[in-house]
Amino acid sequence: MKLETTYKSNNYPIIVEHQAIDHLHQFIKDYEDVVLVVDEHVNHDWHELLDFITSENNAHKLIIPSGETTKTLSFYEKTIESLLAKQLTRDTCLIAIGGGATGDFTGFLAATLLRGVDFIQVPTTILAHDSSVGGKVGINSKHGKNLIGAFYRPKAVIYDLNFLETLPYTEILSGYAEVYKHALLNDITSVNNIEAQYPNEQALASLKDIEYFLYKGIETKLNIIVQDEKESNVRKYLNLGHTFGHAVEYQFKIPHGHAVMIGIIYQFIVSNIILNTHYDISHYIQYLKSLNYPLEVIQSFEFNSLYGLMLKDKKNDQQGVQMVLLNAIGDPQVKHVDKATLSQAFEIFTTHFEK
């Protein structure tokens, strides 16, 4: 399957299939220098393939730690200095091979190395079907997640579904949150279909027909970002579940998608309060439990600390916390939410998880 962005210019292909990695050579063969930036776990599981790609293209290979630990100023400085030491030219292409954090980090390296070199996304997780598309790159700050970054498009996204074969279930859960989010942004039929396809842990772990749902997720995101690349309007819809989710992720250091799923539940409660919707919160909580999302962390939540982190969310403005809420499934809108409402929603939320 192949998609393509539809900006006015500077578009890029998105290839989603088994053996998609076979297309990589055609994109990088003419560069003077190529650097593979590889997640350490991916390198461990796929070292023979990656060594072949490195040698075939006379490339450099840089192995980086897995996950968010890479997305710090100190690691960024260390890495970009090591790249500069290789005396690379602007005719360089960086290739991000890993999950969302690897793509975010490598994209930010590319955006800033020599004032900008090309890069290609090779996502290896379900989660990265979301982050690899759309051109957001960046690292974290002590003040919050993804607060240092840029909008910087890749030259291609090459999504080889073979990489999903080695994903542990906790990573499947993390990625599924973004797939489910895209269904919520579509319509009730999309939500019913995905819940029917993956009603429990066994079904989700099988990843049966995941290609279809990944394709639909990417398609949903593309339809939004071509209208609003720089997140001034409708692109904010893609942050469904992320205002509260990012705060939870940052404070408790849990996987991104686990936190986003928690944020989606919280969003439903806020919607019920201020939009007069009637979402069945128990249904969504039970669905998360049926998939075996680890929800024990919720018993450690404290409102004021999470509220402080929500205040630092980069989507906010002078009027305060902005959240993406669902007026109905498939009908997102951005609303300012005051502290009293957030606190009320938090009390309702935590009541559902009391021992």
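The backbone N, Cα and C atoms fix where each Cβ goes, and this holds for glycine too.
Taken from Swiss-Prot, the feature NAD(+) binding site covers 66-71, 100-104, 124-125, Lys136, Lys145, 163-166. Feature annotation from Swiss-Prot assigns Zn(2+) binding site to Glu178, His242, His256; the stated evidence is sequence analysis.
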Using other CB atoms within 10 angstroms as the count, which residue among the binding-site residues Gly100, Gly103 scores least?
Gly100
Using a 10 Å cut-off, grab the number of neighbouring Cβ atoms around the Cβ of Glu178 (Zn(2+) binding site), all chains included.
26
If you count other CB atoms within 10 A of each CB, which of Ser66, Thr69, Thr125 wins among these binding-site residues?
Thr125
Enter the number of other CB atoms within 10 angstroms of the CB of His256 (Zn(2+) binding site).
25
Quick one: Cα separation, Gly100 (NAD(+) binding site) versus His242 (Zn(2+) binding site), in Å?
15
Taking the centroid of the Cβ atoms of Glu178, His242, His256 (Zn(2+) site), which other same-chain residues have Cβ within 8 Å of it?
Leu127, Asp130, Ser131, Ala177, Lys181, Gly241, Gly245, His246, Gly257, Ala259, Val260, Gly263
Count of other CB atoms lying within 10 Å of the CB belonging to Phe163 (NAD(+) binding site)
24
Glu178 (Zn(2+) binding site) sits from Thr125 (NAD(+) binding site) (Cα to Cα, rounded, in Å) at a distance of 11
Would you say which of the binding-site residues Thr166, His242 has the most Cβ atoms within 10 Å of its own Cβ?
His242
Ser66 (NAD(+) binding site): which of the binding-site residues Glu178, His242, His256 is the nearest Cα neighbour?
His256
Tell me the Cα distance separating Glu178 (Zn(2+) binding site) from Phe163 (NAD(+) binding site), rounded to the nearest angstrom.
18
